[in-house]
Ligand SMILES: Nc1ncnc2c1ncn2[C@@H]1O[C@H](COP(=O)(O)OP(=O)(O)OP(=O)(O)O)[C@@H](O)[C@H]1O
Ligand SMILES: [Mg+2]
């Protein structure tokens, strides 16, 4: 597996604080992820393809706003223990689909399950407790809490969150300290350790994205759903975050993320699902998706694998060669940029 | 001198105490959890009436009356919360305004054999006064009757205990969830917390603290009357909370004391200036009979200035307010 051989930027205590063993549920002799990814190789590249070990299965999930059908997913499965990317043009229904899956919005019809438990009509907090945690495209940090308090809030099973235990610090102080240690480790991973005491509202846009992602991990999710996690994060940090997301996978976590940055999708995802106008129009490994006609038409655009300045140079070249004064017929809009 | 002493007298009186407790309850609702309860008067009234009627009409011991008062206010919180707390914040606001008016009308027009219409309930203070160990208070320039002095002692001890309890609660993970709900409910839900249940707990807690305000007010005046629980009651309590600083433990306490102190001080100053044969304020501008209205106008003006120049209140944190602008 050449993709996994890339060195992890921060190889230190990843395995330590996280709960599960480093091997996922589908353990063979290799790591959980390698086995799961290998299993994906057998899956046909077609919309609604059945996976060998799905963690989420959705059927006929429909949601319309007035006359507009925002989501109309016939059948989709998310493989356990791998990183799945959900891509598609603006307004394709990706965020709405996230909202539906996690109970933040109610569908007109449809059913879906997580680990075999049906989540239809499950309240959003129960979905999170089952181990399916999401972040928001428009970040939701708690501005008037400090960064560290934001993190602590994420921890589950806190004794001090019950009314009767709350005034008695000796009942929850120890647990709070443990949570704080873990929160600091995560903050360090996300390069927010210097900001611990600041109000979250004072963070920059990109830092808020990072905080939200780190906070979601405090819940110790089995499946983490990230809505455009890298939007507004600078390239250097993006690189190291990619490493972190991969390390989540090594720890047996399943990741589903929405992203418009195709380099990132190509780099870390094992599987790609493409939505357009509410429907799943294609599925497959990153390479097969990038080559798929429909995906190029609906989303990527003809020049998707060309650097933008390079593309402009090419177009200029064409003008020179053919002496076409206007020549903008060759200039396709790049939809992949936000 | 007597202006200051009467201001101090009013600021710590049993009447002010009922507002202190009502405002502390509102602080739990609005300051910490972001719940818009515009009917705190209803919680105080229901508590006070349940206590008063239990003792006056049914001859139950005071402590049982207090117990019923607490149960009644908790039930009111449940009745108001169950249908509205899943909805947007404004629904609770509307429901609580309505509940406060309904409660006041019921107390002033229905079940007259128990509630005695506008005269209200009285004759329930015996059990409380019998255990009064204190003499009259005759200080340097403050005097309180034995009864007032006893109500004040109990009341201020109660305020202190409530503040300590809230301080313990609000620094805990439980308090953290409340403060987070005030910021963004959905974020809290996405982390697996049952927001509805926490909001309900906050509504009950703040309502029960409000009921204590009703008890103290009732015991102080030796009667419980419907008109003391009109909508002004809630809005004055809100004013005190914002004056002192919301989401600060001592905010509502200091706000309430200051509010009554200043209101009473301004009132007696104006009265002094506008009375006599040759008043300093010309009678055409303000007669001495208009003092009590004018002082509320001045209070409103002061509140506006406060909101402009110190929107976080006396105890608030400027940095927090600045975040709202981002
Ligand atoms: N609450 C709503 N009310 C009405 N229409 C909505 C609502 N939420 C989403 N939509 C519509 O549903 C469609 C899908 O929106 P959605 O936010 O899911 O897109 P998306 O795939 O996440 O897009 P992007 O990549 O821009 O984030 C859009 O056309 C949008 O206008
Ligand atoms: Mg979106």
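Keep in mind that glycine also has a Cβ here, set from the backbone N, Cα and C atoms.
Nobody curates TrEMBL annotations by hand; they come from automatic prediction.
Given the ranges B:149-170, B:171-192, the record in TrEMBL names B:149-170 as transmembrane segment.
Counted over residue pairs 6 or more apart, the CB atoms of the transmembrane segment (B:293-309) and the transmembrane segment (B:233-250) come under 8 Å in at least three pairs, which marks the two as touching. Taking residue pairs at least 6 apart in sequence, the transmembrane segment (B:202-221) and the transmembrane segment (B:62-82) share three or more C-beta contacts under 8 angstroms. If you look at the transmembrane segment (B:202-221) against the transmembrane segment (B:35-56), you find at least three C-beta pairs under 8 angstroms, all six or more positions apart, and that counts as contact. Counting C-beta pairs under 8 angstroms (sequence separation of 6 or more), the transmembrane segment (B:257-273) fails to reach the transmembrane segment (B:89-107), with fewer than 3 such pairs.
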